[in-house]
Amino acid sequence: MLDVNNFEYMKIGLASPDKIRSWSHGEVKKPETINYRTLKPERDGLFCERIFGPMKDWECSCGKYKRVRYKGVVCDRCGVEVTKSKVRRERMGHIELAAPVSHIWYFKGIPSRMGLVMDMSPRALEEIIYFASYVVTEPGDTPLEKKQLLSEREYRVYREKYGKGFSAGMGAEAIKKILADIDLEKETNDLKEELKSAQGQRRTRAIRRLEVMEAFRNSGNNPSWMVLDVLPVIPPEIRPMVQLEGGRFATSDLNDLYRRVINRNNRLKRLLDLGAPNIIVQNEKRMLQEAVDALIDNGRRGRPVTGPGNRPLKSLSHMLKGKQGRFRQNLLGKRVDYSGRSVIVVGPNLKMYQCGLPKEMALELFKPFVMKELVGRGLAHNIKSAKRKIERMAPEIWDVLEEVIREHPVLLNRAPTLHRLGIQAFEPTLVEGRAIRLHPLVCTAYNADFDGDQMAVHVPLSAEAQAEARILMLAAQNILNPKDGKPVVTPSQDMVLGNYYLTLERENAVGEGTIFKDINEAQLAYQNGYVHLHSRIAVFAGSIPNERFTDEQRKQLLITTVGKLIFNTILPKSFPYINEPTKFNLEIETPAKYFVDTTTDVRAHIAAQELIDPFKKKILGNIIAEVFKKFHITETSKMLDRMKDLGFKISTKAGMTVGIADILTLEEKHEILEKAHDTVEKITKSFRRGLITDDERYERVIGVWNAAKDEIQGKLILSLDRLNPIFMMQDSGARGNISNFTQLAGMRGLMADPSGRIVELPITSNFREGLTVLEYFISTHGARKGLTDTALKTADSGYLTRRLVDVAQDVIIREDDCGTDRGLTIKAIREGTEIIEPLEERLEGRYSRKTIRHPETKEVIARENDLITEAIATQIVDAGIEEVTIRSAFTCNTKHGVCKKCYGKNLATGTEVEVGEAVGIIAAQSIGEPGTQLTMRTFHTGGVAGDDITQGLPRIQEIFEARNPKGQAIITEVGGEVVSIEEGRDRQQEITIQGTDDRRSYNIPYTARLRVEEGSIVERGEALTEGSVDPKALIRVRDVLSVQEYLLAEVQKVYRMQGVEIGDKHVEVMVRQMLRKIRVMDTGDTNILPGTLMDIHTFTEANRDAILSGSQPATGRPVLLGITKASLETDSFLSAASFQETTRVLTDAAIKGKRDELLGLKENVILGKLVPAGTGIGRYRKLKSEVIKETAEVTDEITNI
């Protein structure tokens, strides 16, 4: 067998008849499959053992030779070679066709490749192939032209007139003759000549023909091979036939299709031998052609061949296509051994890196390991008895199992795996029961909850796999989210509530103002009921083991609460003592105002102080981020476990309950509603008098009700007791938000109808009072729409992720520095006056392109190619610098990937990115994963002339597919001053712009809102009206970089509006893939074809060679491709074929004789090679291990050291 890791590239081409015969082990002559009585394959049939190999290992068909000792013997009685039955998966056969047939892929595709080569229309071809018309193959000395079509009558007339003076034929034979006569050299030269003068349609056609001709010429494929003389038969194990219970047989559709071909082929042979009339032979040939068409691609032409129950049969093409096809079902996603799945339950007492594995599941997963160990320990004599022991569940196997799984990580995966945190490694601990135990903190990353979710377990087998799982995938290593570098393991729900309750402060609580000598004394007093968790007390600061206190502070008293003392015990000693939820306290030190002299009257001091807010979810997140920055992974994961345990413990002690009595109603609600009703009445009167339009009335009514709801909400918040359990839950960020509470205790407010329009009748009741029937009915609209939207959004978002992954899967960090001298100038992204993404966030973790100096002091803040840390970014912004040039993926020169410097920091680890990191896939996941959170709906902007501005998921798709946006803005093609804005007829406006050497006017429809006024200075490509710019128009007016900047800003706007943060670099990687191609306009002296779509790198290299040899380089214009188009235009045909339009991609690749260099990830997964990313990248695979020096024998026991 072929060693999969040892080949460089894969090539695809057309097969010549001789090639097909050379693959074959014999000709299939009969349509029979197996004998139903003996269940043995029929000889020369579709399952023949002589052709395809024996059914049983080392046994011939007649049984004369049995056993492995006859290996390689060919039986003299039945002609079957004695070998393994596995050969039935790889041996092919063939069918010698009695008449040539055309291959439907090349004749039917769009554009028809056969049509282009022969310069005939697909309609004409169809008439010839399916025996409706004759075609002249040799005109001889007649007035007929070659390739002219003749009807039956015309043919007869010319035959009588000229006799044998010309030859014409029909069917694939005639096509084959014409194809064989084509002189590719001559045709290409003629086409190149024609191109010099041709225009319009003729030029396009010539370019397309030239492309196909060149493809045939360069690949060495012969055009006549598009017509088949021999048909290959695929190995029988790939189209199996199995016996069902009850003696019936189930068979692959391919066998039916092959049977039809063989039957018709044999019948045609017989008719030809008998010398049957022409019309009968022609009909049989047409039927053979149709049978072969159905075998190759059933349903492509005419009605598909159907099996029982009118179901179309699955042909060879269908075997490859779609989600259930060979590519996506078996090559890119396989079922694997050493895996299992079960329901998950919470494991609150696990460590961050552990998971609980049910005993019986662990036993099954680690069976071979346990068997080996049983034999190794002498508990079983051989593997067989070890296996028997395991099956009987003998008591001694459990100790062995524990030993085996110790330090052997397993992978846990929850579907849908939207980003790389959907698969993480854990160390298993054995648990009773049949459910997997999962650590509560990793739930956010998996998006898991315990309402019946299931998870899959996989066992990494090899030492390398275990090492990678432990070092890279262990849950304790994956604390940061790759999309924005923020911690993803923040506590939630009970943990948040517990820590919130712990850090609450209460006035006049039991024991307020008591002074304690140390933490232990305070805890003792708390346990005995002398003080409360929330009591504000004083503790001698010197007794607190915090390294941040100054010597002065150690002599003083620290004002804090018992709860905060306990909370601070979970933090590292050198972390500031956290007494208030402020940035200063977290990052620098405990504010000095909390330290008082020992002589102070503590009670009076405390009584005079304001209460401090407790620690909410966001603060806990900030604490984790801060601990991570200062102490790195190990300490952070330990601290997280302590925070989790403390949270659960205290929330249990707090004993939060929710009852209907906790929902207090608002006294003033009635007055507010009365007032709103009056206002609405007034508005309606104004409308009746004709003072306002219906639209204005609607807008105002909605405004009134929204204001009323907000007022009720505001009053509710004020009237609430801070210790109200519902308030605590939502204030801490554990569950729910203020709008939920308003609906419970205030009013539900306005609802939307199915079209998304707001119904102007508000729901004035709340859930505490109960809704009227009408109110309940109105509210069902919104509820139902919410559910359907969610279901649709999930599918859309998943498909978006798939396309993103496909377009960027080969973007890998390939080198340390690409040495580019270009960069991207960035400033804060704004929408109007609102800052969407501040400069600081855009700078952090990037490399500077130029030296950055302070504008006033001229002191160097960062040198060229320095990494901009958070501190430097803050310095830059504080210095008042508004734009900075940084290294960016947009300007990276690395071929097939990005370099370290242009990419910047790896957000998932907070350190420099490694060579081999698959940043393309990470980018695709980071953009696709939050897709489900984006809303589906297109918002109606207020105002009479409100255009629909697409937002949310549809807008993201619009950007990445480079479609013409809805609500398109008009852009200017010249830069200059707006000299006039005049109103034309139909209330249109005309804007005139005076450039330096050009003057342009634009007509603006009256519904559009202007962004400019007279006297404004505009740049080329700037939008004159509100709306989205069409990036394809922008690329015509401006350069590539400004299009890239625009797309980046637009994507960020959509995500940030929804409160989702994504690192710029991910969007940069994706956008760069959309602008990789260039359309050649003028070929110069190069041998590139005009109109070709080329990779920018290939184009530049071709031009460099041309300039070096002193000839004229080609010119081209950059093209913006949507992600689907860009994935299909990739150089790798394997990757493109496994994405979409499989047959088209393969047809094209076969004609061009394409080579797939296996640079991306998908191609290698399809072939079963190691992916060229991470430790599989070339530079790591080629490392050889060498012994540096032998170490001396270690005699000390480890415990003694």
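Placed from the backbone N, Cα and C atoms, the Cβ positions cover glycine too.
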- Which of CYS443, CYS818 does Swiss-Prot put in the same Zn(2+) 2 site as CYS892, CYS899, CYS902? CYS818
- Give the sequence-ordered set of same-chain residues, not counting CYS60, CYS62, CYS75, CYS78, with Cβ within 8 Å of the centre of the Cβ atoms defining the Zn(2+) 1 site. GLU49, SER61, GLY63, LYS64, TYR65, ASP76, ARG77, GLY79, VAL80
- In the structure shown, with every protein chain counted, which of the binding-site residues CYS60, CYS78, CYS899 has the densest set of Cβ atoms within 10 angstroms of its Cβ? CYS60
- How big is the Cα-to-Cα gap, in Å, between CYS78 (Zn(2+) 1 binding site) and ASP449 (Mg(2+) binding site)? 63
- Query: Using Cα coordinates, what distance in whole Å links CYS892 (Zn(2+) 2 binding site) and ASP449 (Mg(2+) binding site)?
  - Reply: 42
- With every protein chain in view, how many other Cβ atoms are within 10 Å of the Cβ of CYS75 (Zn(2+) 1 binding site)? 20
- Using all protein chains shown, find which of the binding-site residues CYS892, CYS902 scores highest when you count other CB atoms within 10 A of its CB. CYS902
- Item | Chain-internal residues, separated by at least six, CB under 8 A from CYS62 (Zn(2+) 1 binding site) | CYS75, ARG77, CYS78, VAL80
- For the binding-site residues ASP451, ASP453, the one whose C-beta sees the most other C-beta atoms within 10 angstroms: ASP453
- Under a three-state reduction of DSSP output, how is CYS62 (Zn(2+) 1 binding site) classified: helix, strand, or coil? coil
- Using C-alpha atoms only, work out the spacing between CYS902 (Zn(2+) 2 binding site) and ASP449 (Mg(2+) binding site) and round it to an integer in Å. 39
- Task: Whole-number Å only: compute the distance from the Cα of CYS818 (Zn(2+) 2 binding site) to the Cα of ASP449 (Mg(2+) binding site).
- Result: 45
- Note on the structure: Near Zn(2+) 2: residues not in CYS818, CYS892, CYS899, CYS902 with Cβ within 8 Å of the site Cβ centroid are GLU815, ASP817, THR820, ARG887, ALA889, THR891, ASN893, THR894, VAL898, LYS900, LYS901, TYR903
- Tell me the Cβ contacts of ASP449 (Mg(2+) binding site) under 8 Å, same chain only and six or more apart in sequence, or just say none. CYS443
